[in-house]
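Reading through the structure tokens given below for one structure.
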Number of protein chains: 4
Amino acid sequence: MTITNGYKQNENEKELDILNLPALEQEAQKIIPTGGFGYIAGGSEDEWTLHANRTAFQHKQIVPKALSDIEDPQTDTRVFNLDLKTPIMMAPAAAQGLAHVKGEIDTAAGVAAAGGLMAQSTYSSTSIADTAEAGNGAPQFFQLYMSKDWNFNESLLDEAKKAGVKGIILTVDATVDGYREADIINHFQFPIPMANLTKFSEGDGKGKGIGEIYASAAQKIGPKDVARIIQYTDLPVIVKGIESAEDALYAIGAGAAGIYVSNHGGRQLNGGPASFDVLTDVASAVNHRVPIIFDSGVRRGSDVFKALAAGADLVAIGRPAIYGLALGGAQGVTSVFNHLNDELKIIMQLAGTKTIEDVKHAPLLDIKY
Amino acid sequence: MTITNGYKQNENEKELDILNLPALEQEAQKIIPTGGFGYIAGGSEDEWTLHANRTAFQHKQIVPKALSDIEDPQTDTRVFNLDLKTPIMMAPAAAQGLAHVKGEIDTAAGVAAAGGLMAQSTYSSTSIADTAEAGNGAPQFFQLYMSKDWNFNESLLDEAKKAGVKGIILTVDATVDGYREADIINHFQFPIPMANLTKFSEGDGKGKGIGEIYASAAQKIGPKDVARIIQYTDLPVIVKGIESAEDALYAIGAGAAGIYVSNHGGRQLNGGPASFDVLTDVASAVNHRVPIIFDSGVRRGSDVFKALAAGADLVAIGRPAIYGLALGGAQGVTSVFNHLNDELKIIMQLAGTKTIEDVKHAPLLDIKY
Amino acid sequence: MTITNGYKQNENEKELDILNLPALEQEAQKIIPTGGFGYIAGGSEDEWTLHANRTAFQHKQIVPKALSDIEDPQTDTRVFNLDLKTPIMMAPAAAQGLAHVKGEIDTAAGVAAAGGLMAQSTYSSTSIADTAEAGNGAPQFFQLYMSKDWNFNESLLDEAKKAGVKGIILTVDATVDGYREADIINHFQFPIPMANLTKFSEGDGKGKGIGEIYASAAQKIGPKDVARIIQYTDLPVIVKGIESAEDALYAIGAGAAGIYVSNHGGRQLNGGPASFDVLTDVASAVNHRVPIIFDSGVRRGSDVFKALAAGADLVAIGRPAIYGLALGGAQGVTSVFNHLNDELKIIMQLAGTKTIEDVKHAPLLDIKY
Amino acid sequence: MTITNGYKQNENEKELDILNLPALEQEAQKIIPTGGFGYIAGGSEDEWTLHANRTAFQHKQIVPKALSDIEDPQTDTRVFNLDLKTPIMMAPAAAQGLAHVKGEIDTAAGVAAAGGLMAQSTYSSTSIADTAEAGNGAPQFFQLYMSKDWNFNESLLDEAKKAGVKGIILTVDATVDGYREADIINHFQFPIPMANLTKFSEGDGKGKGIGEIYASAAQKIGPKDVARIIQYTDLPVIVKGIESAEDALYAIGAGAAGIYVSNHGGRQLNGGPASFDVLTDVASAVNHRVPIIFDSGVRRGSDVFKALAAGADLVAIGRPAIYGLALGGAQGVTSVFNHLNDELKIIMQLAGTKTIEDVKHAPLLDIKY
């Protein structure tokens, strides 16, 4: 165990024997310090939306296809011109040094080993270059929290491009931090530096509360920013934090190469809908113009299946992967991805769908209760 | 602590460190005597409507507006020709001396400091003049429980007008007291005099049960009473206790300058709908002819947002402010208002709405479960 | 306390201080022997329908009528050519000697004192004549469980007619006893004789299980039986146990002078709907051709109001009155009726309805959750 | 008690005093070893579908038919050209030696005594011939888990035909095993040999996990397999595991002589609908072309009634019968069937339906909550 600024960082590196992803949370809670765990696990206000993210999946059911004459379902897929072994990707998530001493470096390695797509967060504990290198050639996206300081933005984008990322995820649902009570109760301040912030005047994030970090972030984000980033990077820009058909079209109009349906895992706008509840409408409006990434509440193979069937092209997980990171480092992350992908394969076989394309065309049943 | 007729009145005067408004209730319960707390917190019958007032908010969700290019949302608003710093106002609530020795005087001062609108109740512990003076020039409304004795009504209205109130709230949903079991269990009688009753033959309310107080109140209230009060005061009269589109139009027909959608915090007609459940229909019928005030169950910034988006122009709170009063006097009330307004601002930013007008035009999503 | 065949019968005679009717159940449980209490309180199978009888009321809400200019609501009503002080009546309920040594004699006296309508059950602990006499001139109905032995039926009808009952309630939803697990668990057998059975070959019910009692009851009941009873008695015959519009019209076609919507308090067909859930449809089909009596799950003034607003002309209670009987004899029954009627009056005033006719025309709101 | 490979097999042979079927589970849990009980009782993933199988019944209610003039309802029925005393049949269920030393032999005897239809599973603890013989002339079906090895399939079908089974149930919803966490937690491996596997190269199932057993099962199952089995056996083939109208028609097109609506008791595709929730749609599409068998979640007489009214011709139970087997051997199974049939008869009488045909034509009410 490493102690950084008084915070105990785990150093586990091992394969995990996973029963299911929800069960990881309490295991992780035992080894992640209270403040860090509260930051990772918590949602905003009374966590209604956080909770709804899970229950929403219960209201659409998988209609199995009997006598479908298939075996050995395959989870590989091609999205954003990337060949991936699984439609499950890593959501961009801040400050993974809270879970493990190697932070995003281990996450990137673990995701790469599982054949998934990694997304780095602006607020990573490790640097863009280091995290990219850990990916060992596997594709990565870089997520941008836009700063008020455009020089800072450009510097990050330069570094990301130099590191070879395949796309930029622009987060637009966090222009101020959600009201997260766990952080307030724990008087939480980031004990671990955020690598991308250390070279800039904003400081390194260490010893700051989440509110202070956000203070230097841009609140005003509009279509012109999307256009500007596209122009600057010449990379596909995916707009993250879309929760309505209207906004999806607006973002595509602004040049978005992908739509990321998410409510930030229930950490931002509490009182907004569960992400899964709006996915069908968004997908219907997007109508295959660009790919759709989905996150918020995914814990089961059946959740991944339902999200794909409801219109997602990629399905991201955040907290469960971070718990895997805490418990087993890179190998733990791989274990989490492999477990979820295995659950998905079982569902695919039982539902009578051989490929991810088949899943995307599978019907769902609306359940009234 | 002051002991009045054997009842212990709090004397706290301090800023509060508030996590959220729901959490205030148990803090307040520790310091308000049982009978007083039961009177404040309780609802009628089996409290179904009281409970539904909270859960109703879960069935409409906020649709965030991404890429809205806004920052620094503003909560100031203009309603009833009044300029207010927040759309959150104080609901008229009786007998606040039960919570704090300074009663409505502190509430008025606290609300004024937060830039909100204060409403005095007929059954206030403090006099109209004293409460008005404590408001220090900030706008106030006066709420009238109509007595059977019209001289009494005129005397109160005279005093209110003299004190400079900006409007009269006529409560029409309390022509008899709801069946409040907490008061019966506690054998509750008002230990603190009601200042507005002391100079009249009805007595001062001290030592009376709620039933006896209501006994001198008018049960028969009709459109002609609205007209009569308008004529007598030449002030805007807002009819409080409207729960249907039909009644809203009936009240406007009778001359109402405002509609107050409320079920009295679940204290009167149990078995009636949650107020939030009828707000959209009422607002649709009112169609901006007059402003709408809403209360019943508001505890979160997201609740305030939803009420405004569903058609309210002002959103009132009662119990949470009284708990703030008990715990911190005038400063406690200010803390409660500021906290709720801060939560509202976060929601506004995250929802992509810069002004209260924007909020009023924000869509809500109907959730089926 | 009287001990009959080893069963302890209560002898309380006193006015009750009632908080609410649901709270009576546990008070009564303390003083009624286990077997008797299980028989009275229990439902059939897993008691889904018993439970649904209560929750159904939550799905229609009272729309208050503001500015209705009324006071002093009146609960008197005229139904079946009878002038009653309250629309609340006593449901026919068997074996009330289980609750109190004086059984239906005290119930009849208590109901009469409250100005309600009494219904005697075929399986009463006390005789038709004695129970009628206790009613002291107040109107009573007699409920018939049809026997396979038509002589027995005629004998009961003769006695009922001689005793001056104003109508016959023919129960058609109990052609076999529901599967009541409490009775099986308690090995319940009736310890108290059933007065109407003692003079007949069927025996007196003492020491029999409910199954044996029903064994001599007719299972085949059809329209011709309704006609035959009408012809024999020349009294209005109300068919009890109707749960659909179709059956209501069928019964009226057979000559029924009233429709009694009931699922026998959840004691018979478990898996059938809550009675309140079908009331509106039944009333719509009946369309005022004959009066409608409603029971099953009524515990609150708001329940009575909703049942009347949904189409009932009279609203019956069973278990709560029997608990009142156990706790206070005739005075206890009166206390229960008066309490419920008082709750109803409060609701009437708050809803803006002055008369029972007004209540019957009051709208209800369908709540989706 | 017999100990086989360290596993304690019950040897009870006695009539059971049954209160209700749900209550059997905890009784059985006391006497079945943990691994075996987990295998029998468990569902897949988080058991949402397992749970939904029960709650689904609450959303359709039985509409009783009053004045129907019937008595003495009869449960005999004719389906698949078989005369049965009850519409309740035994679902094919694997490895009943886990519950009782005599396994399917006792089940077959017990079902026969109750006049029901027995279905043998491919993975039975006892052989086809022995189980058939125990049925003592009563009709049986044989359920086939198709192997990748067609010789194995033909050998089983030969034996089944020789044993005189009246139909083949082809299970198509188990082409891979569901993700059953209880088995993983218990490190469950089959301690008891599976008789039908012992003579084949696949081994006997002893000491294998469920995953290994499935490994030799066919995953690819299509319409041609249905046709091939029909051609080979010249017996009616019922396709089991249908959950949609589309699949039912597809199976009938492939030659199916019956449709078996089931989600395998929530043991396979978690996240799929409750079986009862899709039954009406399937039955509507099938439109009496072939009979429908239904299982998944049946525990009460009212469940059987609802399933028949929703379109089933036969209603199967699995777990409750196995619990009866554990607790009382053949007599225990008979007790379970008789109890459930008795509950059904009560419901039939109370619903006003004299025959199973009447039940099939009974209306159900959709309940919104």
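Note: Cβ is positioned from N, Cα and C throughout, glycine not excepted.
Predicted, not measured: the structure shown is a model, and the values here were computed from it.
Look at TrEMBL and you will find D:13-369 tagged as domain 'FMN hydroxy acid dehydrogenase'.
Long-range Cβ proximity for D:Arg180 (glyoxylate binding site), meaning a same-chain Cβ under 8 A and a gap of 6 or more residues, is found for D:Tyr39, D:Gly42, D:Gly43, D:Ser44, D:Ile210, D:Arg267. The glyoxylate binding site annotation in TrEMBL covers D:Tyr39, D:Tyr145, D:Arg180, D:His264, D:Arg267.
The FMN binding site feature in TrEMBL is assigned to D:92-94, D:Ser121, D:Gln143, D:Thr171, D:Lys240, D:Ser262, D:295-299, D:318-319. Annotation note: D:Gly297 (FMN binding site) sits in a coil segment as assigned by DSSP. Every protein chain considered, the tally of other Cβ atoms within 10 Å of the Cβ of D:Gly297 (FMN binding site) stands at 27.
Contacts of D:His264 (glyoxylate binding site) defined by a Cβ separation under 8 A and a same-chain sequence distance of 6+ are given as D:Thr171, D:Asp173, D:Ala174, D:Gly178, D:Gly241, D:Ser296, in order along the sequence. Secondary structure at D:His264 (glyoxylate binding site), taken from DSSP and collapsed to helix, strand or coil, is helix. Annotated active site, proton acceptor per TrEMBL: D:His264, in sequence order.
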Residues satisfying Cβ distance under 8 Å from D:Arg299 (FMN binding site), sequence separation of at least 6: D:Asn20, D:Leu21, D:Pro22, D:Arg54, D:Ile317, D:Pro320
What's the CA to CA span in angstrom from D:Ala94 (FMN binding site) over to D:Tyr145 (glyoxylate binding site)? 10
Around the Cβ of D:Gln143 (FMN binding site), how many other Cβ atoms lie within 10 Å? Please give the count over every shown protein chain. 25
Can you tell me the CA-to-CA distance separating D:Tyr145 (glyoxylate binding site) and D:Lys240 (FMN binding site), as a whole number of Å? 10
Between any two of D:Tyr39, D:Tyr145, D:Arg180, D:His264, D:Arg267, the residues recorded as binding glyoxylate, what is the biggest Cα to Cα distance in Å? 18
Quick one: which residues besides D:Tyr39, D:Tyr145, D:Arg180, D:His264, D:Arg267 have a Cβ within 8 Å of the glyoxylate site's Cβ centroid, in sequence order? D:Ser44, D:Ala94, D:Ala174, D:Asp177, D:Gly178, D:Ile210, D:Gly265, D:Gln268
Would you find the one among the binding-site residues D:Lys240, D:Arg267, D:Arg319 whose Cβ has the most company, meaning other Cβ atoms within 10 Å? D:Lys240
Average pLDDT across the domain 'FMN hydroxy acid dehydrogenase' (D:13-369)? 95
Please report the number of other Cβ atoms within 10 Å of the Cβ of D:Pro92 (FMN binding site). 26
Set of same-chain residues at least 6 away whose C-beta sits under 8 angstroms from D:Asp295 (FMN binding site): D:Ala91, D:Tyr260, D:Val261, D:Ser262, D:Gly265, D:Ser275, D:Val315, D:Ala316, D:Ile317, D:Gly318
All chains considered, the count of other Cβ atoms within 10 Å of the Cβ of D:Tyr39 (glyoxylate binding site) is 23
Could you tell me which three-state DSSP class D:Tyr39 (glyoxylate binding site) falls into? helix
Taking the Cβ of D:Tyr145 (glyoxylate binding site) as centre, how many other Cβ atoms lie within 10 Å? 23
Return the count of C-beta atoms lying within 10 angstroms of the C-beta of D:Ala94 (FMN binding site), excluding that atom itself. 23
